[in-house]
Structure formats: C-alpha cells, structure tokens
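In what follows, a structure is listed as structure tokens, so that the remarks can point back to it.
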Amino acid sequence: MKLYTRPLYAPDTSIGKPRDPSMTTTATTPKFVARDVKVYYGDKPALHGIDIDILDKSVTAFIGPSGCGKSTFLRCLNRMNDTIPSARVDGTILLDGEDLNDRKVDPVVLRARVGMVFQKPNPFPKTIYENVAYGPKIHGLATSKEEMDHIVESSLKKASLWNEVSDRLHQQGTGLSGGQQQRLVIARAIAVGPEVILMDEPCSALDPIATAKIEELIDELRQQFCIVIVTHSMAQAARVSQKTAFFHLGNLVEVGNTEDIFTNPKDQRTQDYITGRFG
Amino acid sequence: MTGYLFLALIVFSVASFMFGRSLARRKAASQGVRGHSLPAFSGWFVAIWSFIPAALILFVLVVFGGRVENAIVQSDVPAAVQQLPELNQGLFFQDVRATVNGGMASTTVYDGELKAAFDHKVAQAKSVDNTITLGAYALTFILALAGAAFAYSRVSPQFRARNSVERWVSAFLVACSVVAILTTLGIILSLLWESLRFFQSVSPLDFLFGTHWSPQIAMRADQVGSSGGFGAVPLFVGTFLIMIIAMCVAAPVGLYSAIYLSEYASPFMRAWIKPVLEILAGVPTVVYGFFAALVVGPSFREFFNWLGAFMPGTPMGEYLMNVQNQMALVAGVVMGIMLIPFVSSLSDDIINSVPQSLRDGSLAMGATRSETIKKVVLPAALPGISGAMLLAVSRAVGETMIVTMAAGLQAKTTLNPLDTVTTVTVQIVTLLTGDQEFDSPKTLAAFGLGLTLFAVTLALNLIAQRIVQKYQEQYD
C-alpha cells in the first residue's frame with residue numbers, strides 16, 4: 001500500500017489542503033515509529049530509550065504515575081521539547097518514515113502537522129473566531145474572508161462546539177466555560193489541518209460532564225486523525241483508546257491493545273499500577 | 001543636653017528591659033508555672049513603657065520648644081523697639097535669640113534705651129528657655145519612671161505581654177505610614193495654599209491659556225521692559241515636545257529590548273544585559289544632563305550645521321547653519337535614553353507574566369517565535385505595557401536636570417525639535433534659584449507650575465496603575 005506522505009522538509013504546500021484520497025493510511029499503519037528515544041533535562045535523564053509504534057486513525061493512551069516521562073515523550077512527537085533550553089533528545093522518531101529530529105526538519109512545519117492540546121485550556125485572549133483563525137492565518141491557508149469563515153465553521157463543527165458558539169463568534173474565547181475552552185483549543189488545532197493531535201491530560205481541569213463531551217469528541221476525531229493522549233485516569237484510557245502504553249520511571253514498560261493491558265497485563269508493574277497498588 | 005538626656009533614656013530603657021525580663025522569670029519560677037509569654041516580651045513591655053512617653057516629650061521639646069519661647073518673648077514688644085522699622089524689629093529679636101542660644105548675631109550695636117530693652121529681652125528669653133527646658137526634662141524624667149513603674153507592676157506570669165507588645169508593634173507601623181501620608185498631605189496643602197496666593201495676582205485662565213511667559217517683574221517703579229507675563233502655554237508645549245521625543249526613543253528601544261530579554265535571550269545573555277541596563281538606570285540624571293549639554297548637544301549642532309552647508313542660500317540651509325547647542329531634540333533624546341531601562345524592566349516583568357501556556361499553544365500550532373510574540377504575547381501584554389509607557393511619560397514630564405542643562409531657557413511656543421524650548425520643571429528651577437523673596441508673583445508662579453505638574457503626573461500615574469491592575473487581575 002502506498003503511504004500518505006508529505007515532505008517534512010519545508011516548504012510543505014499541503015498544509016490544510018484536502019488530502020489525496022488514494023494516499024490514505026489506515027488504522028494498521030504506524031504513523032510514528034520511535035526507536036531508542038532518550039531525553040535529558042540538563043544531565044538528568046528523563047526517558048531511558050523508548051521503542052514504540054503509534055498507529056494512524058486510532059487513539060493511543062499513555063498512562064503511568066506522575067513524573068514517569070509520558071508527557072516528556074508526548075512533547076518529543078512535535079518537538080515541543082525544543083522550547084525548553086535544557087532539554088536534549090536522542091534517538092529516532094519517524095513520522096511517516098521521516099526522522100523528526102533531522103536537522104533539516106523545520107519544527108514550525110512539523111507542528112502544523114502534529115497539533116497539540118494542553119492540560120489547562122489556553123485560548124488566546126482574542127475572540128472565538130480569531131482563536132480558530134489564528135493558525136490558518138499564520139500559515140496562509142485562506143485567501144478570502146469566505147474561505148476563512150468556512151475553515152472556522154468546519155473546525156468548530158469538528159470540535160462539536162459550533163452549536164454552542166455560532167451566535168457569539170466575536171466574543172472573547174476566555175469567556176467560555178472550561179470544557180468549551182478545551183474544545184475551542186481542539187478546534188484551533190484542527191483548523192491547521194493536522195494529521196496528529198497530541199493531548200496532554202486534556203480533561204484533568206474539567207468536570208465530569210465536560211470530560212464526557214471531550215471523550216465523545218476524541219472518539220469522533222479518531223476517524224480522521226492519529227490521536228495520542230496522556231491521561232491520569234485509567235478509566236478514561238480504557239474508554240477512549242485502542243492502544244495503551246504504560247510508562248514507569250522513564251521506561252516504556254508495556255504497550256498493547258487497551259483491552260489486553262487492562263484485562264491481562266504481561267508485566268507485574270502494569271498489573272500493580274492498574275489495580276491501584278502504586279502510582 | 002537634650003542629646004545626653006536622650007542617651008540616658010535609652011540606657012534606662014535597656015535596663016528596664018533586663019529588669020522586666022528577670023522579674024518575669026523570677027515570678028514564674030516562684031509560682032512554679034510557665035508564663036503566658038516568654039520573659040523577653042515582659043522585658044520589651046517594660047522597656048517600651050519606659051521609653052516611648054518620655055521620648056515623645058523630648059521630641060515635642062525639640063520641635064516646638066523654640067517656637068513657644070519666641071512667642072512668649074515677642075508677645076510684648078518694648079516701647080523703644082516699637083519705634084524701629086518693622087525689618088529692624090525682626091532683626092532685634094533675631095539678635096536676642098542668637099545671644100541666648102549662641103548663634104551669629106548681627107553687627108548692629110544697641111545703645112541707650114535699646115540696650116536696656118535688649119538686655120531685658122535677653123534675660124527674659126533666658127528664663128523662659130530655662131523654664132521650658134527644665135520643665136520638659138523633669139516631665140521626661142517623671143514619665144520614664146512612671147512608665148517603667150506602671151509596666152513593672154503589671155508583669156506577672158498571667159500577664160499577656162506578648163499580645164501587648166504586638167499592639168505596640170502595630171501602632172509603631174501605623175505611625176510610620178502616617179508620617180508618609182501626612183508629609184504628602186502637607187506638600188499638597190502647601191502647594192495649594194501658595195498657588196492660591198499666586199492665582200490672586202494672576203488669573204488661572206491667563207496662566208493656563210496665556211501664551212506669553214516672562215516672569216521677570218519690575219522690582220522698582222522706574223524699571224522698564226519687565227511687565228511680567230505668566231501665560232504657561234509655551235512651557236506646556238515645550239514639556240510636551242520633549243516628552244514626545246523622549247518617548248519616541250524610549251518606547252521602541254525599551255520595549256524591543258524587553259522582548260529580547262524575556263523571549264530570546266539565553267540565560268547567559270540575560271545575566272549580562274540585565275545588570276548593564278540596571279547600571280544605566282542608576283546613572284544620576286545630572287550626569288545625563290551634562291552628557292547632553294557637553295557631548296550630545298555640540299555633536300547634534302555640528303551635524304545640523306554640516307547638513308545646512310549643503311543647502312547654501314536656501315532658508316532651510318540658513319536655518320540649519322544657525323542651529324544652537326541647546327535644542328529640544330538633544331534633551332528629548334537623552335531623556336529617552338534615560339528612560340530605556342525604566343521602560344524595559346517594567347515591560348520585561350509584564351511580558352514575563354503572560355502565561356507560558358499561551359506561548360506553548362501558539363508554538364504548538366506551528367507559529368514561529370516572532371509570530372507568537374507579535375500575535376499572542378504582545379496583545380495579551382498590551383494593557384500592562386501601555387501602563388508602563390504612561391509611567392514613563394509621567395517621569396519624562398517631571399524630569400528636570402536634563403532639560404535644565406540641554407533644552408535652553410527661552411519660552412517659545414514651537415513644535416520644532418531643533419529650537420530651544422523650556423519646560424515647566426526648568427522654569428520652576430530658574431524661578432526659585434538664587435536669593436528670592438517668597439511673596440512676588442514671580443516666585444509664587446513656581447507653585448502654580450508645581451501644582452499643574454503635580455496634577456498631570458498624578459493623573460497619569462493613577463490611570464497607569466488602574467490599567468496595570470486590571471491587567472494583572474486578568475491572569476490571576
């Protein structure tokens with residue numbers, strides 16, 4: 001099968017464009033292939049060599065106790081660790097077969113393909129419309145007002161927020177509720193036309209109802225995107241993900257189908273963690 | 001003498017502290033209990049009561065003793081002195097004071113009746129002085145003992161000395177802040193009072209909207225050419241012009257260096273640049289002043305004269321050839337340099353307080369660093385930055401030394417940066433330097449200007465603080 005690939009080495013003219021249908025990947029193709037990924041903060045090692053394949057069109061959950069390196073690894077996938085001066089990343093991570101850490105890769109282009117949603121909703125202090133239009137604007141994805149309106153509307157619809165905000169697009173995004181803000185941030189990430197959405201504990205600041213909505217949304221988005229989610233809630237991992245990876249003390253202990261991890265873990269540490277014996 | 005008494009009082013209070021502490025210890029030991037407060041608090045309690053009432057009396061003596069004495073001595077003026085002109089009457093009493101307190105007396109020789117009056121007054125002043133001083137000393141002595149005795153009698157294991165000391169501490173802190181408030185109030189009141197006197201001779205409308213400023217007034221009737229004009233518009237325009245030039249320098253340079261420091265600089269660069277900027281902030285304004293007058297002014301003049309030489313015969317060329325050292329541009333530019341560290345350190349704080357999550361959000365969407373700064377960080381920080389700019393404006397308006405040395409003295413209503421202008425602060429300085437009588441409109445005009453300046457900077461500061469506060473609430 002032909003892999004859907006876009007050049008990681010700038011310039012990438014395909015950002016935000018509809019994809020060639022003949023070049024689509026399926027839930028069995030690895031989107032990311034990571035081999036021996038090590039991260040150091042200064043001299044302190046945070047990850048001790050991670051090997052993992054992350055599949056496209058599915059949800060992969062990273063679980064593990066605090067400080068186990070799951071967020072650090074997530075941030076490797078769109079090179080957000082570049083923004084931390086003391087962080088150093090070793091090893092290879094292939095996105096559709098191309099090495100992310102290659103010197104020729106432009107992290108700006110990479111991040112347009114690999115979007116990210118953070119723990120605390122962080123809408124910009126702008127209107128809802130401007131929040132969503134921000135990415136398309138900086139990447140020049142719309143040539144006219146109509147096109148931009150269309151991108152904003154479809155992104156908000158994909159993030160299941162359109163019905164709630166369609167009549168107040170020009171109010172401040174910071175005025176929305178926490179759950180709405182988080183969906184606005186997801187819409188903002190979608191608007192750039194990414195292939196991957198990374199989510200770093202997207203529900204930890206939300207109440208159960210807002211959490212349920214986000215989880216529902218994640219399940220819908222899985223049809224189109226490769227989703228990687230870091231979560232502290234094992235119930236959430238079980239509900240939304242197809243694959244689960246368990247991290248502990250900077251090591252990837254076990255990765256497999258979510259069902260298997262939660263019903264029949266191979267490693268004693270995984271067993272202990274999911275039964276709540278430590279963590 | 002008062003100084004020695006004060007020292008003695010301190011020694012006495014230290015002794016009171018020790019006695020109070022040991023008494024508290026002994027009482028607790030004899031009753032076999034642990035006291036409510038540590039013994040040291042009882043010591044402090046006794047020391048405070050020994051010291052504060054007595055010290056207050058000494059303070060009152062030092063501040064008001066002389067005035068009371070003068071009021072009593074001058075309450076009846078001898079007949080011989082009454083015949084003297086008013087000016088010499090004042091001199092007479094000055095000499096009396098000088099003789100009693102040991103100061104420089106005038107060279108006036110008093111003889112005859114005046115001599116008798118002088119000796120009488122000196123004797124009276126001496127006795128009044130003695131009475132007041134001795135009375136105050138006795139009162140100090142009694143209060144110190146009484147305070148110590150009162151406090152000493154209350155010391156017991158059950159006594160809550162700790163809470164008492166706490167109340168004294170808070171009273172002391174309140175007193176300190178009251179001093180600051182009262183001083184401010186005093187300054188404002190005296191400004192208002194003297195301005196009121198000024199506006200009795202010059203109408204406020206003429207002052208605020210008049211365009212002719214020449215505060216020299218004829219001292220004698222036969223002097224000509226000095227009618228006096230108190231229209232402050234040229235000063236306001238000059239102040240405004242220099243402020244605008246200064247902000248044109250300080251705002252962009254300060255803001256961009258703040259952006260560099262907070263967003264781009266490596267920790268190493270930051271560790272170097274920040275202290276250097278702080279050194280710039282520590283340069284006294286008078287140094288900036290002579291830097292402007294001796295270095296910047298002449299080089300600007302040479303530059304413009306050189307420029308003018310290329311346009312011989314044209315009015316523009318003629319004008320540039322005749323530009324002087326002192327011009328608004330020089331003062332403005334140097335003042336702008338002075339304000340750079342002020343603007344940059346304030347903006348740096350504000351930019352740093354924009355949450356990192358906003359930057360992450362923008363970077364994670366594939367925005368570059370400068371896009372993130374331009375479209376996310378700066379808009380979020382804008383209210384705070386405009387507050388910082390307003391604070392800088394209010395400093396520029398109130399700055400004195402640089403403009404005094406570099407802008408000139410001619411009151412002109414012009415927006416030409418190459419012209420000499422004068423500012424409100426410069427005029428206050430020139431009105432009040434030298435020997436002056438504080439009752440002519442000329443000197444009182446300084447208070448009118450001071451009041452206007454105070455009102456403007458107060459308003460600017462209030463607005464700026466409101467903006468900064470509102471901005472801080474947004475992210476708390």
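Quick reminder: no glycine exception, Cβ is built from N, Cα and C everywhere.
Automatic prediction, not curation, is the source of TrEMBL annotations.
Remember, predicted model here, so these are calculated numbers, not experimental data.
What TrEMBL records for this protein:
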TRANSMEM  B:6-24  transmembrane segment
TRANSMEM  B:44-64  transmembrane segment
TRANSMEM  B:134-152  transmembrane segment
TRANSMEM  B:172-193  transmembrane segment
TRANSMEM  B:235-256  transmembrane segment
DOMAIN    B:236-464  domain 'ABC transmembrane type-1'
TRANSMEM  B:276-297  transmembrane segment
TRANSMEM  B:328-347  transmembrane segment
TRANSMEM  B:444-464  transmembrane segment
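The stretches the transmembrane segment (B:276-297) and the transmembrane segment (B:328-347) meet in space: the count of Cβ pairs below 8 angstroms, excluding pairs fewer than 6 apart in sequence, reaches at least three. Listed as Cβ neighbours of the transmembrane segment (B:444-464) (distance under 8 Å, sequence separation of 6 or more from its ends, same chain) are residues 188, 191-192, 194-195, 197-199, 201-202, 207-208, 215, 230, 232, 235, 387-388, 390-391, 393-394, 397-398, 424-425, 427-428, 431-432, 438.
Within its own chain, the transmembrane segment (B:44-64) has Cβ neighbours under 8 Å at 2, 5-6, 9-10, 12-14, 16-17, 19-20, 23, 132-133, 136, 139-141, 143-144, 146-148, 150-152, 154-155, 159, 161, 164-165, 168, counting only residues six or more beyond its boundaries. A Cβ distance under 8 Å defines the sequence-distant neighbours of the transmembrane segment (B:134-152), meaning residues of its chain 6+ beyond its ends; these are 1, 5, 9, 12-13, 16, 19-20, 23, 45-46, 48-54, 57-58, 60-61, 65.
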